[in-house]
Amino acid sequence: MADSTPPSQETLSNLLHETRSFPPPPELAAEANVKAEAYERAAEDRLGFWEEQARRLQWEHPWDTVLDWDPPYAKWFVGGKLNASVNCVDRHVANGLGERVAYHWEGEPGDTRSITYAELKDMVSQAANAMTGLGVGKGDRVAIYMPMIPETVVAMLACARIGAVHMVVFGGFSVDALGQRLDDSRAKLVVTADGGYRRGKASALKPAVDAAVADRPAVENVLVVRRTGQDVEWTDRDVWWHDAVESQSTEHTPEAHDAEDPLYIMYTSGTTAKPKGILHTTGGYLTQAAYTHWAVFDLKAETDVYWCAADIGWVTGHSYIVYGPLANAATTVLYEGTPDTPHRGRFWEIIQKYGVTIAYMAPTAIRTFMKWGDDIPAEFDLSSLRVIGSVGEPINPEAYIWYRENIGGNRTPVVDTWWQTETGAIMVSPLPGVTSGKPGAAMRALPGIVADVVDEAGRSVPDGDGGFIVIREPWPAMLRGIWGDPQRYEDTYWSRFEGLYFPGDGAKKDEDGDLWLLGRVDDVMLVSGHNISTTEVESALVSHPRVAEAAVVGAADKVTGQAIVGFVILRDGGEEVPEELVKELRNHVGTSLGPIAKPARLLAVPELPKTRSGKIMRRLLRDIAEERAVGDTSTLTDSSIMDVIAKQLPSARGDD
Ligand code: 6R9
């Protein structure tokens, strides 16, 4: 690349300049659950603010101390006792909401079930009795390897009820991934199903469990829900759900657990090495999950129909399909299948059918819908929607605008929510009744959260500069550690900057001090001395009308240190980027971000390698760009994709 710009002093270059902004709709702002004053109130008395939020829950015994902070170890609501399942179910029934629908479940083949809070209470009580009968007690770990069916939620809540620690493993993971997590957590019980429906077919789950538990005697029982009716192998440790659970009494007297008793372990997606078992506890987690669900989505539980299209095997499913919405007595849609079965309008059909008012999904899905075309959502009535959200990755400005216009009817605020498995709940996000949202920006730390952007030395950067996002003060839903590995907890999150939590993401503050997340710092590219964020270059590529999706990586280059290699999915499905388009795209990026950000090479691919939550695994693309053997693909949603990509290369190479 012919570039003569001197190396920058910036930690992370701030290249993209976005000027669009959308104020909240006046009616929504007038009735909003959270108003602007919350920021100040929380800043004046942060602990008092969180106590106020904790009082939204039902405690059997109040806490003595709101926070015990022995960095980096926090205890919240010390001495408090509560039961998460009572908070999610029983108390709503006791408050007269037993007839309210907790879940409208929609199976992929079109079968449906609507489950009220009263029914959910009975189901959870039965499952708790059954688990106790199988010898599961407080503190024991229970693995849940399930499709998206109501029993998955019931199993989680039954664990919470008896104080067992659930560990949900995404149903798409391999035997090895499941086995590794069973070993690490030493789970005693596995809850699974014969299978689930995906892409129009029954997809088996039990065989993977059979293989994983075969040489793992620590697993005493496997509890199996019949969902698809597929044939299953059976051993004497297997138990049918309909025998063991449905025969139980619907009465179960719950015990109150300590605020700091473990609630669950969730293994991070493992884009790096060995997956980390992130530990969450009860009181602080539930407080922040409930508060953020109510605040960020402006939930009006009496009238809203809320839908989060995430998988329960992702932290988003835990906090925003199960714990947050249930703690708030919301009515939630739970969908089993994929967005293109039996047709590409399935999501919009679901919104129309249930009158969904709040929808929450990942940018990867949004970009796919963009690629499929505006005419598909246009066939459905989406006028019930009033708030739409995004999570999992930075949302490109182009995808944001498409989502706002085509799904939100140019009416609804878009909330771009930044958080992690480790943070347990949303940390940085617009508030729909307060914030004028900017396409691509997560905007501000929520009330009660103290986030900042710092440089290499941990100094706060001025507005207009880029760096590393950090969290300055403990927060209620923060991870309490890595299961079985305290040293790794300290090293991973607390060693980079003294006294600050480092999530591993790059970010910038714009001229107004609003936050933009710029992707994992491990993925940042170093080109001629400039640190360039993958997000900004990808967003620039996606803003070109011929590009549907893009991923960029820095590949070793003799001249520039690293050169940007872009992998693009073309809207017309082309298998190669024609010479003139290569030139056009490079110029397009050059015009949006400056010549330094121009990709050196552009390769057309049919798909990108992604994790279950839709995160692009750039590490694998780097392997391809640097012509190495491709590394571990076990956490990809579709591991065959790397062969498909490799086959399509080599492709166009650009020059100045
Ligand atoms: C909830 C979840 C966490 C990582 C996080 C960041 C990326 C998530 C984002 C976002 C930019 C957003 N991420 N939301 N980046 N804007 N709104 O995704 O948890 O699977 O642990 O991933 O995802 O890189 O550090 P998890």
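Cβ atoms are placed via backbone N, Cα and C, with glycine included.
TrEMBL entries are annotated by machine, without manual review.
According to TrEMBL, the feature compositional bias 'Polar residues' maps to 1-16. Under the heading region 'Disordered', TrEMBL lists 1-27. Annotation source TrEMBL lists domain 'Acetyl-coenzyme A synthetase N-terminal' at 37-88. What TrEMBL records for 92-483 is domain 'AMP-dependent synthetase/ligase'. The annotation CoA binding site is assigned in TrEMBL to Arg198, Arg199, Gly200, Lys201, Thr316, Ser528. Summarising the annotation, TrEMBL assigns ATP binding site to Gly392, Glu393, Pro394, Asp416, Thr417, Trp418, Trp419, Gln420, Thr421, Asp505, Arg520. The domain 'AMP-binding enzyme C-terminal' annotation in TrEMBL covers 536-615. Taken from TrEMBL, the feature Mg(2+) binding site covers Val542, His544, Val547. Annotation comment: TrEMBL describes Lys615 as N6-acetyllysine.
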Recorded positions Lys201, Ser528, Val542, His544, Val547, Lys615: which have a Cα within 10 Å of Thr421 (ATP binding site)? none
Taking each of the binding-site residues Thr316, Thr417, Ser528 in turn and counting other Cβ atoms within 10 Å of its Cβ, which one has the fewest? Ser528
Closest to Lys201 (CoA binding site): which of the recorded positions Pro394, Trp419, Val542, His544, Lys615, going by Cα position? Lys615
Three-class DSSP assignment, Arg520 (ATP binding site), comes back as strand
Mind telling me which of the binding-site residues Val542, Val547 has the densest Cβ neighbourhood, counting other Cβ atoms within 10 Å? Val547
Inside 10 Å of the Cβ of His544 (Mg(2+) binding site), count up the other Cβ atoms and send me the figure. 20
Just give me the nearest neighbour of Gly200 (CoA binding site) among the recorded positions Thr417, Arg520, His544, Val547, Lys615, Cα to Cα. Lys615
Using a 10 Å radius around each Cβ and counting other Cβ atoms from all shown chains, which of the binding-site residues Arg199, Lys201, Arg520 yields the largest count? Arg520
Can you name the residues of this chain that are 6 or more positions from Pro394 (ATP binding site) yet have a C-beta less than 8 Å from its C-beta? Pro363, Asp416, Gly440, Trp516, Leu517, Leu518, Gly519, Thr535, Ser539
Out of Arg198, Lys615, give me whichever of these recorded positions has the highest number of other Cβ atoms within 10 Å. Lys615
Tell me which of the recorded positions Trp419, Val542, Val547, Lys615 ends up closest to Arg199 (CoA binding site) in space, Cα to Cα. Lys615
For the binding-site residues listed here, Gly200, Gly392, which shows the highest count of neighbouring CB atoms within 10 A? Gly392
